[in-house]
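A quick write-up on the structure given underneath.
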Amino acid sequence: MPFCLLDVDKDIPEREQHIYIKDSKEPKGHCKQRCNTNTIPGSMTERGCAFAGVKGVITGAIKDVLHVVHSPVGCTAYGNGTTKRYPTRPEMPDGSVFPVENFNLKHIVGTDLTESDVVFGGMNKLKKVIREASKEFPFVNAIYVYATCTTGLIGDDLDAVCKEMQAELGKDVVAFNAPGFAGPTQSKGHHVGNYTIFEKLVGTKEPPKTTDYDINLIGEYNIDGDYWVLEKYFEDMGINVLSKFTGDATHGELCWMHKAKLSLVRCQRSATYVAKLIEEKYGVPYLKVDFFGPEYCAENLRAVGKYFGKEIEAEAVIKKEMEKIQPELDFYKSKLQGKKIWISAGGPKSWHLSKPIEQYLGMDVVALSGLFEHEDGYEKMQERAKDGTIIIDDPNTLEMEEVVEKYQPEIVLGGIKEKYFFHKLGVPSVMIHSYENGPYIGFEGFVNMARDIYTAIYNPAWKLMEFEEEEPGDSNE
């Protein structure tokens, strides 16, 4: 069996089932990597909570809603866009202009629960805060309210409060019941967000206009402008993005997703749920798509073009974009060929990126890992990895250090929480969740990512640093 127990895990042997060494001799699907389970006590990992999954991923990118976090101040601060960059434009689907650009990145409201609220309940305080927030920001089109661990434990009824406030204020007030402890990872928050939006919003409004080429772009959160890259491709193909879920989206777009002709699911871990539900109830089919790297981007633009009879337009976009990026791709491949890389993403990016990085940059992917991926995602990592690649679910800090020592990656694509840990080990790191200098999607985005990888590896600062095993004065001499 190709499972592996790392040296640092001798006291938590359960970790063996979470760590896999790729061996193509094993029958496909024979080794089911353990994942999406509670972190083992004593294993210090980098996961986020269910609240982070719903607010930090699913709803945080919507441009015209106000977020009210029912919590002590810590959770409110945590939910204030600290890990993602979700820019928005002020233009609205009906041609109007939202009064505050990047409103979703600038404002969040919390109930600032105290010990007294925990003892006596915080529902009256929540109502007061929603009323005050509505007066302060009367132009928002909806208010989203979030449960957290504290309010989940004391049993505050957010649904009842939101129903009352919606009737009073005359606008949608939506409760998202994903307290941090609701699941083992942020993935539970994705799930709750999908189902809440579908049950409470989808089908409740009609779009200003429709066309025969309308799509929902689901699981695209416009990290550092990713959506705007894809929007340009679709515009050139004559395809209209009717609704986004949820990058640069409006509240209304979520309500009329049922009117699209096709849904495209980009982040397949966080947003396939809502696409399935829309298909089941409204008959809107969906395609799972991948726009990371030139080959996958071209394949999926062709698939969309074929669905709408826009094959010629798709080929024109692919040809134009490849001609623009090929010289830069050739340069970065010449500089990065053979460099060892570890892709440590939250979920799908670990299998989205492994092949393009090998194919177009010539790099050697020695390790893959995920924080909240499910079994199907790890199967894709295993399929796309070469023999000998280590694949880790929910890696802890000591495991990361051991993998660096044994596999010697020259760069890590990871998150902000791990970035400076790897720096202390002398390994450059590029943020793959929220990016360094994005966008990273599509043809031009892949070049941006290659540039950031090149810049990180060849940064002359690394030559000026010494990484010692012992601090001065720690010797026993």
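Along the chain as shown, the residues are counted starting at 1.
Cβ from N, Cα, C; glycine included.
These figures come from a predicted structure and were not determined experimentally.
Just one of CYS31, CYS35, CYS75 is listed by Swiss-Prot for the same [8Fe-7S] cluster site as CYS49, CYS149, and that one is CYS75. For HIS433 ([7Fe-Mo-9S-C-homocitryl] cluster binding site), the nearest of the binding-site residues by C-alpha distance turns out to be CYS49; the candidates were CYS49, CYS75, CYS149. In the three-state DSSP scheme, CYS149 ([8Fe-7S] cluster binding site) is classed as helix. Sparsest Cβ environment among the binding-site residues CYS49, CYS75, CYS149 (other Cβ atoms counted within 10 Å): CYS149. Other residues of the same chain near the [8Fe-7S] cluster site, with their Cβ within 8 Å of the Cβ centroid of CYS49, CYS75, CYS149, are ALA50, PHE51, ALA52, SER71, TYR78, THR148, THR150, PRO179, GLY180, PHE181.
CYS267 ([7Fe-Mo-9S-C-homocitryl] cluster binding site) is surrounded by 22 other CB atoms, counting those within 10 A of its CB over all protein chains shown. If you measure from the Cα atom of CYS75 ([8Fe-7S] cluster binding site) to that of CYS267 ([7Fe-Mo-9S-C-homocitryl] cluster binding site), you get 25 Å. In this view, HIS433 ([7Fe-Mo-9S-C-homocitryl] cluster binding site) is surrounded by 23 other Cβ atoms within 10 Å of its Cβ, with every protein chain counted.
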